[in-house]
Amino acid sequence: NLSTQGPFILLGFPGPQALQTWLFLLFLAMYVLTVAGNLAIISLVGAHRRLQTPMYFFLCNLSFLEIWFTTACVPKTLATLASRSGAISFVGCVAQMYFVFSLGCTEYFLLAVMAYDRYLAICLPLRYGSIMTPGLSARLALGSWLCGFSAITVPAALIARLSFCGSRVINHFFCDIAPWIVLSCSDTRGVELASFGIAFCVILGSCFITMLSYAYIVATIIRIPSAQGRHRAFSTCSSHLTVVLIWYGSTIFLHVRTSVESSLDLSKAVTVLNTVVTPVLNPFIYTLRNTDVK
């Protein structure tokens, strides 16, 4: 089997030793902040009864996801920056790819569920408690996780069957789909179509739910007569909307495209935004802009 002949090499961020050292320290600091910040949110919600509502239950799921999402790729990146070898096995590469993209898909579904929760809270406040019960909250969260991990099953199975007989240097800091299948000497059209189709369906489906929810939210807020009332209503969803804009802005560029061979260096730079920067921003966005959490 040509796929098992030696490890792959993650190229990472080529440059002088000084650059590698600064990148290592930067990624390490952001990783520690991500884990600490998201653990703090989970601990706060668990410790304070006032925060044990559906909104913060979904926020805990998002924080838990962000911890594992960044853990799936950043520690290996740190090891690559420290050792400058970047060696990773075929099985390790497939496993990393599966978890990174499964957790990424789960985040789309969780953000859509959180948008639906805000729609119920703002547009149907009198019925919110009877609709968004603890049972429904748990089912929506569980469904998000199951859908996220199921969506990547077919592309992962197709990717695992590829053969590699040439260069084994991956132009990325983790095992991303695009720069990895470029190295394959097999026919990759099926993998490209499956990956594009899954990304398109997941992004389009979650984006539709999110945009529809916010369309109703905006229409409801506009009808509120007092400025103070409008501000109070908007403040309950402003943090979530900020996270949505950052997440969708970066990942739509990365995944909804038909050519995997173009702009790999640009893709690498944008991937840093949603694998390293966004997870560390989320705790600050949800605390600095949220009176209850503060």
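The first residue you see is number 1, and the count goes up from there.
In case you wondered, yes, glycine gets a Cβ from its N, Cα and C as well.
Here TrEMBL flags 22-44 (among others) as transmembrane segment. Same-chain residues lying 6 or more positions outside the transmembrane segment (22-44) and placing a CB less than 8 Å from one of its CB atoms are 13, 51, 59-60, 63-64, 66-67, 70-71, 74-75, 77-78, 81-82, 276-277, 279-280, 282-284, 286-287, 293.
Across the residues of the domain 'G-protein coupled receptors family 1 profile' (37-286), the predicted structure has a mean pLDDT of 85. For 37-286, the entry in TrEMBL reads domain 'G-protein coupled receptors family 1 profile'.
Note on the transmembrane segment (56-78): residues 10, 12, 24, 27-28, 30-31, 34-35, 38-39, 41-42, 45-46, 88, 96, 99-100, 103-104, 106-107, 110-111, 113-114, 117, 134, 137, 140-141, 144-145, 173-174, 275-276, 278-280, 282-283, 286, 292 of its chain, located 6 or more positions outside it, place their CB under 8 angstroms from a CB of the stretch. Annotation source TrEMBL lists transmembrane segment at 56-78 (among others).
Look at TrEMBL and you will find 98-119 (among others) tagged as transmembrane segment.
For 140-164 (among others), the entry in TrEMBL reads transmembrane segment.
Panel annotation: around the transmembrane segment (196-221), residues 105, 108-109, 111-112, 115-116, 118-119, 122-123, 151-152, 154-155, 230, 233-234, 237, 241, 244, 248, 251-252, 255-258 of the same chain, lying at least six beyond its termini, place a Cβ under 8 Å from a Cβ of the stretch. Feature annotation from TrEMBL assigns transmembrane segment to 196-221 (among others).
What TrEMBL records for 233-254 (among others) is transmembrane segment. Beyond the ends of the transmembrane segment (233-254), by six or more residues, the same chain brings 55, 104, 107-108, 111, 114-115, 118, 121-122, 203, 207, 210, 214, 217, 220-221, 224, 267, 270-271, 273-274, 278, 281-282, 285-286, 289-291 to within a C-beta distance below 8 angstroms of the stretch.
With a cut-off of 8 Å between Cβ atoms, the residues of this chain six or more beyond the transmembrane segment (266-288) that come close are 13, 27, 30-31, 33-34, 37-38, 40-41, 59, 62-63, 66-67, 69-70, 73-74, 100, 104, 171-174, 176, 178-179, 239, 242-243, 246-247, 250-251, 253-254, 294. Per TrEMBL, transmembrane segment is recorded for 266-288 (among others).
Sequence-distant contacts of the transmembrane segment (98-119), counting only residues of its own chain at least 6 positions beyond either end whose CB sits under 8 Å from a CB of the stretch, comprise 54-55, 58-59, 61-62, 65-66, 68-69, 72-73, 132, 137, 140-141, 143-145, 147-149, 151-152, 155-156, 174-177, 198, 202-203, 205-207, 209-210, 213-214, 216-217, 236-237, 240, 243-244, 247, 251, 274-275.
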